[in-house]
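Per Swiss-Prot, topological domain 'Cytoplasmic' is recorded for 1-15. As annotated by Swiss-Prot, transmembrane segment applies to 16-36, with the evidence given as sequence analysis. Look at Swiss-Prot and you will find 37-422 tagged as topological domain 'Extracellular', backed by a curator's inference. Here Swiss-Prot flags 134-385 as domain 'AB hydrolase-1'. Annotated N-linked glycosylation site per Swiss-Prot: Asn142, Asn285, Asn335, Asn344, in sequence order. Under the heading active site, nucleophile, Swiss-Prot lists Ser213, citing similarity to another entry as support. Swiss-Prot lists Asp348, His379 with the feature active site, charge relay system.
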Amino acid sequence: MSAQLEADVRTMSPEMPAMFDGMKLAAVAAVLYVIVRSLNLKCPTAAADITCQDTLLNHYLLKSCPVLTKEYIPPLLWGKSGHLQTALYGKIGRVKSPKPCGLRKFLPMQDGATATFDLFEPQGVHSTGDDITMVICPGIGNHSEKHYIRTFVDYSQKQGYRCAVLNHLGALPNIELTSPRMFTYGCTWEFSAMVGFIKRTFPQTQLIVVGFSLGGNIACKYLGENPANQERVLCCVSVCQGYSALRAQETFLQWDQCRRLYNFLMADNMKKIILSHRGSLFGMNSSRMEFADLSRLYTATSLMQIDDNIMRKFHGHNSLKEYYEKESCVHYIHNISVPLLLVNSSDDPLVHQSLLTIPRTLAEKKQNVIFALTLHGGHLGFFEGAVLFPQPLSWMDKVIVSYANAVCQWEKHKPQCHQQKE
């Protein structure tokens, strides 16, 4: 009997490792499947989807801006994941970011606030020979010292552009507020003050308006608020903005694309900025902020809660809906008449697909608007690279400067451009 059992053990034992190897192989296959799915490795690359009217100017701009119409190729292993593109942008901004040297300017505002911006002179002559200044509005809570801004400024300087970068009110950690007010979603006061300073100081310069994310909302709202704001403006470029805070409100509470998690993380960052200025914001004699409940700020888990308890009160809005309605560029952007490039990414986890009907419809109706939608890029990522390591310069940087160059050439040589088309 024991001999028979021993024989059975000898017969079964060689099969046991084979079974375990099969389980390991299945586990590895499952992990690889999850990686491939989460990194979207099977997703193709493509050129940006362009929406615009068939006009002479648009033909010229698309022909003169090949980076906009050629295939955008992100890093192979992770670049097709909007989450990783967004995370890398949020964590490091850009790789090997340069440190351009500029001068910090301080502008007193009528309400006692002090706007600041950094001014960077060009490092060469522009291809047109003209004096051209890029006026740049960064993303939420950002400023001129952020890596993605530094990279873009350095690249623009080398192309012959002067750059003026707004530091959002309260965003710089080493600059104290001088009034009980900080930046909001759509307040254009500081951006307007910076543009006004540039126009007065450099009376011959022409302007390129650039906005990133929240900065895109502010830039477009500023241009659309008053036709006079578009004087001496050659064009505007907006990247990764959401266009309507009211319509975005519901999407930010959804777990789709982990949007609720991003909402929590951004709210946590906003809390840190607000609390770093608690003495200036809540310690001064401010009738608008006396009803702000700091205990609700500490427990807030979404931007909407912070906006309702704190942000809307800076400008006396009676409700969150009123705040979002009046501070969104969707109600002003149709007033922009200068060439306007709107760039978004399909895999941006912060901007829901439903919001992209706004720029698409605008581009279909207005001759001066081009809407470019990429498959990949995340939120302000748009990294390029071969396999693993991204390049210092992003696709976004190249597109903005290339488009700006094309508009400048068009304005400089309009008769020749018309003849080339004919």
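Any Cβ shown, glycine's included, is placed from N, Cα and C.
Positions of the features from Swiss-Prot, shown on the structure.
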residue	record	contacts (Cβ under 8 Å, 6+ apart)
Asn142	N-linked glycosylation site	Ile149, His168, Ala171, Phe212, Gly215
Ser213	active site, nucleophile	Pro138, Gly139, Ile140, Val239, Cys240, Gln241, Gly242, Leu350, His379, Leu380
Asn335	N-linked glycosylation site	Leu223, Gly224, Glu225, Pro227
Asn344	N-linked glycosylation site	Val239, Cys240, Gln241, Val351, Leu356, Pro359, Phe371, Ala372, Leu373, Thr374
Asp348	active site, charge relay system	Gly82, Thr86, Cys240, Gly377, Gly378, His379
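DSSP assigns Asn335 (N-linked glycosylation site) to a helical segment in the three-state reduction. In three-state terms derived from DSSP, Asn344 (N-linked glycosylation site) belongs to an extended strand segment. The Cβ of His379 (active site, charge relay system) has 25 neighbouring Cβ atoms from other residues within 10 Å, across all protein chains displayed.
Reduced to three states, the DSSP call for Asn142 (N-linked glycosylation site) is coil.
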